[in-house]
């Protein structure tokens with residue numbers, strides 16, 4: 001059974017005749033018995049007529065004899081086929097070997113005639129060969145559904161055959177013998193069908209309820225579910241006991257052959273079949289749900305419809321000989337090829353690919369693909385230009401012809417009319433050829449696209465009068481080229497149309513970045529063939545989250561043509577003046593890009609939606625439609641780009657720049673200028689990362705748009721950050737020892753302080769506004785969590801700064817009380833005292849009134865022989881007068897290493913009392929190096945100001 005549902009048995013009776021029995025075939029135009037030397041494409045097309053017998057009618061279980069032509073002998077015939085001359089179509093064939101011997105190979109349509117009940121011939125002689133479409137028995141289940149079967153030892157081979165669409169399933173199995181009125185419950189059935197890519201499948205199912213298979217929260221499944229769902233993985237096939245043997249779709253008819261054991265090892269879900277007893281069998285036809293990430297199976301949906309049409313049950317004894325199937329199934333819709341409707345604004349990309357489901361066998365191994373679909377039916381409109389982008393290779397020249405076969409009909413001594421294309425219409429991906437064809441009123445309703453250099457690479461073109469492309473000013477293909485979006489703008493309204501590019505039960509488009517939080521429009525055909533268009537607001541991923549809205553839609557139309565759904569409507573640009581309803585926020589602004597997404601599904605309802613109404617295919621990303629310009633472009637997923645940008649800005653504003661400020665504020669008490677180096681390195685590192693993050697975002701977004709609060713905060717913060725190094729380069733010179741700080745120095749310090757702190761504050765505001773922008777515009781679900789994490793980070797930073805500020809206050813208080821830290825040999829001013837701190841002025845005044853003087857020791861040119869001094873050398877305090885009560889040095893110790901870093905609190909008077917001092921020579925050497933610095937008078941040596949020293 002291939003083209004035209006050919007099926008039957010062939011018997012060679014003698015050297016010049018053969019007999020056909022139990023023959024089924026739908027009628028053709030010019031059909032003959034055909035002979036060739038091999039079954040490949042080239043040899044079949046070069047074959048010849050072997051008999052004058054014509055097959056130009058429909059046959060139903062017919063039997064007849066055929067004589068060979070005078071010029072035909074069995075030695076010339078290796079392959080006998082049924083051939084349509086006008087279309088060069090092979091309806092079916094059988095392979096012969098050694099002339100009249102029948103070979104056990106290739107023939108899913110015709111079979112050698114059986115000899116009695118034998119399944120094999122005598123030893124050494126070829127016996128009858130059973131092709132996968134032939135069975136011993138056939139039972140009619142409904143007008144469009146049949147079951148065929150053959151017993152084979154402990155197994156039964158079953159063939160399911162139905163005139164259904166490719167989206168439908170076929171189910172057959174045995175009812176539970178213990179079932180009462182609910183005959184389906186407990187049934188053991190096989191569900192067969194075809195996947196979206198046209199591959200056959202069959203799975204073992206168990207029925208535990210009248211519902212689609214659902215999985216509860218505890219993992220238990222119920223409904224019509226595959227056996228493997230109940231048991232998990234089934235690597236050795238102990239649960240799924242159905243084995244696919246063969247499957248195909250021809251002329252709108254699905255055929256699946258599978259094998260199952262009569263008594264299965266799976267006693268939990270499978271029912272034993274007693275082939276000698278009458279048993280109740282159950283069957284159903286209906287739509288199936290494609291697999292998804294949650295349920296990776298093709299699942300049957302409710303069959304619906306009346307009993308004995310879409311479902312039923314009967315008593316069957318598989319050992320009985322039954323043959324109720326007279327004639328082939330004749331489907332109303334025989335076209336399985338994809339349909340592409342040409343658009344004037346979008347080119348049709350023509351390539352080549354492997355022939356998998358070519359509609360007119362035999363065919364070459366490589367055929368034409370249009371928009372990634374194998375030999376689709378192309379539908380064009382008169383008066384609308386069709387643009388082809390030919391990328392099929394230099395050996396494929398596209399042309400539009402009146403000849404069904406193509407490949408230059410003049411080479412076959414036939415005439416043809418060429419409407420477009422020719423030998424120059426060839427190109428490759430790197431250098432495609434653009435071919436424009438505009439059908440006119442003289443173009444026939446049916447023409448063909450083919451290659452000029454090879455026959456039967458393309459398929460047919462349907463030419464119709466003007467349609468959507470003529471009715472709407474603009475159109476674009478949405479993501480994945482599965483839905484076309486049309487629109488026409490007026491002053492206050494917009495007219496919209498959407499057309500699916502593949503067969504489906506409904507088409508939905510949405511305005512938004514994704515289906516969640518989007519406004520959707522759904523067009524579908526109900527059970528009685530009436531079209532509907534409704535609007536919805538979607539705020540979740542489940543069926544209850546789809547809420548109907550009351551938008552003012554006018555000029556509503558919805559139709560289905562060969563399973564392709566198109567719907568149209570007109571709506572206001574601004575739905576309503578008040579804002580208390582959700583649809584009032586669905587405003588279309590023609591000056592801004594409209595983000596459009598789409599979905600295709602099996603079935604829709606205007607009442608109670610459930611999981612059965614979920615889509616089986618959806619867009620992967622939104623398309624930005626520029627309504628005014630009439631163009632569109634794919635919206636890139638910028639979240640990875642924004643993540644890198646955000647991390648760089650957090651690293652700068654959240655770590656490096658605040659760290660540089662803290663280094664300058666809290667590390668000045670550290671020896672040397674390490675605080676300054678740390679401050680400079682962190683600030684310049686943060687500034688460099690800021691500029692890199694800005695350039696990265698601008699490059700990826702293809703421009704700088706100062707529209708959102710985040711961009712304004714960010715640019716202001718970056719400007720302030722860039723001012724700081726310029727400010728630092730203009731820093732006035734620090735005053736020398738004893739000099740007063742200049743007003744310019746004071747002004748610079750205040751400016752540096754204010755700009756730096758302001759940059760940090762504005763930068764933090766830019767971080768928070770950026771996260772809010774990420775959630776509002778790009779719909780990032782984690783934006784809220786990021787904001788709380790950022791708040792926690794800066795809260796921790798605030799606590800750290802508070803602690804450091806407390807420590808700094810204590811350190812300053814210690815300096816005010818006279819416990820200053822001195823560094824031996826550091827003659828520079830102590831920068832640890834903040835010039836902007838109010839404590840500094842009071843400390844200076846206290847020093848002036850107390851009469852204390854600051855002593856600083858320089859490193860000596862040689863080590864003191866006296867050893868180590870105590871880190872605190874107390875020279876005494878004033879007691880009401882100018883005299884000094886005591887002067888104490890540590891005991892002499894020559895075994896200790898000298899230490900030159902110590903602090904001194906010194907009171908000056910007229911006398912010194914030396915208690916426990918070293919010898920006078922060493923003391924004199926020490927005093928030579930001791931200098932006194934006063935806030936009220938110049939530095940002088942102690943030995944010059946006090947002869948007693």
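Numbers run from 1 along the shown chain.
Quick reminder: no glycine exception, Cβ is built from N, Cα and C everywhere.
No curator has checked TrEMBL annotations; they are predicted automatically.
The model shown is predicted, which means the values in this text are computed figures rather than measured ones.
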If you look at how TrEMBL annotates this chain, which of 750-771, 816-837, 838-859, 860-881 comes out as transmembrane segment?
750-771
Between 595-615, 616-636, 679-699, I'd like to know which one TrEMBL lists as transmembrane segment.
679-699
Determine which recorded stretch among 679-699, 711-730, 750-771 has the most C-beta pairs below 8 angstroms with the transmembrane segment (783-806).
750-771
Sequence-remote partners of the transmembrane segment (711-730) [C-beta within less than 8 Å, at least six residues beyond its ends]:
649, 653, 657, 683-684, 686-687, 690-691, 694, 704-705, 748, 751-752, 755-756, 758-759, 762-763, 765-766, 769-770
Please count the residues of the domain 'DOMON' (143-286) that DSSP assigns to helix (H, G, I), strand (E, B) and coil.
5 helix, 71 strand, 68 coil
